[in-house]
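Single-structure report; data block below.
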Amino acid sequence: QLQNKILILTICAAGIGGTFQYGYNISIINAPASYIQVFMNTTWRERMGTPLDSNMILLLWSFTVSAYPLGGLAGAVLAGPMAIMLGRKMSLLLNNGFVITAAALSGFSRMAKSFEMIMLSRFFTGVNAGVSMSIQPMYLAESAPKKLRGAVALTSASFTALGLVLGQVVGLRELLGGEESWPFLLASNVVPALIQLTALPWFPESPRYLLIDRGDKESCISALQKLRGTSDLSAELEEMLAEQAAVKGQRAKNPWELFQNPALRWQLVSIVVLSSAMQLCGNDSMYFYAAYVFQEAGIPQDKIPYVVIGTGSCELITSVTCNMIIDYAGRRPLLLGGYVFMAGWAIVFMVALSQQTQISWMPYLSMACIFAYILSFGIGPAGVTGVLPTEVFDQMSRPAAYMICGSLLWFNLFLVGTAFPFIVKSLAHFCYVPFLVVCVCTAFYVWFFLPETKGKSFLEISEEFRKWNFKTKTRAGFYKGPEEIKTTPL
């Protein structure tokens, strides 16, 4: 049982300074929004002698908010080279440098009378989240035994949801969400970073990275023994050696090489579709509507922040539930079920919004839709999407695949954040139609094209995709006949 404890502690040490920071930093910026805008105006007036007009304040605030996904995009691009050159564990440890820098900038911003420090802080926080969102699932999936791989990699989503909830709680007025304490709230992300820097060095590096990338068999066996104990490691080691032999002589691939390689066509299409859908399905936009719907349902203004915590808790509960069932239910049913239910709730939500003022109980239905939509997202798409790149790509392609996934995730987060207010303005109550289309199309893709990866070795999964890629190739092969005849000596 000691080895199970070591695996659990490795998960916690990686998660607390990893994807936890992504969720935490998304939610802590909401509580002090009005105070930061006042601070921007006051600082500008002290410098220039004139206050900012409301449009300029809004523009500066938009820059501050968008610095986070911009940093995330930079972090996602950085994650691949870091994972290859430094290793998975060392990358996670060094990644804390970004968040410590960010905490120092935001913590001293009021003292320095500089709102630019807050913008820069949000950028560095984004870089930290971008790196950890790619490297943490990779590190955990490579360290886990085959039968627990899905559940272990999925803890990344649970830590994101936990960060989201704790950020909402710490941001309450009674804690650090008050007017005087907002710099401490923005700098509080240094605590998880320090916990990870203290804890993670005690745990082993990814055994697969040590053997396949570094060619260090002894260190790999030592890491496996720490993680698995004295149980028979021969079968697992044999599987890793087979994968090492399969990629022998290859170097780690660059993202553009994945696009050029026909043997990776369907793997790439799958992660592009699913990574894009994760942000374009409208889950984050539900949080945008939450305060308005709760207000319409008659919840007092000062109590709304407490109810909003309930929405974050929904995501946490479902991601933990998904964690328990992923290696029994499989990946496909959870993804398929998640998107189908979200499509259904999107229709109900639009009907409820359109009847909000006509029928007295409609705000309560809208409220139920918000919780149901977030629950549906948490049960499948939220976690399974992050597990798939580890499972469908080999060791040499995996870091590049995560770079592509991460870049899409952050770009689409920025896109939805920018476009959603305009979608609401133009489509009003039917603003969820684009998200409904995304959910339906993704469900169709999962149903027809995504194979199940549950309980299979990385080589078995590669073989399954090779059949798909080969099938496409043979169809194209008929057209190459005349060319081949032309080149014969005859």
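Along the chain as shown, the residues are counted starting at 1.
Using N, Cα and C of the backbone, Cβ positions are placed for all residues, glycine too.
Between the listed ranges 29-52, 365-388, TrEMBL ties the annotation transmembrane segment to 365-388. Between the transmembrane segment (151-170) and the stretches 58-80, 365-388, 400-424, the greatest number of Cβ pairs separated by less than 8 Å involves 365-388. Counting C-beta pairs under 8 angstroms (sequence separation of 6 or more), the transmembrane segment (7-24) reaches the transmembrane segment (182-203) with 3 or more such pairs. The average per-residue pLDDT of the prediction over the domain 'Major facilitator superfamily (MFS) profile' (11-454) is 88, rounded to a whole number. Same-chain residues lying 6+ beyond the ends of the transmembrane segment (58-80) with a Cβ under 8 Å from its Cβ atoms: 25-26, 29, 33, 36-37, 40, 52, 91, 98, 115, 118-120, 122-135, 255, 399-400, 402-403, 405-407, 409-411, 413-414, 417-418.
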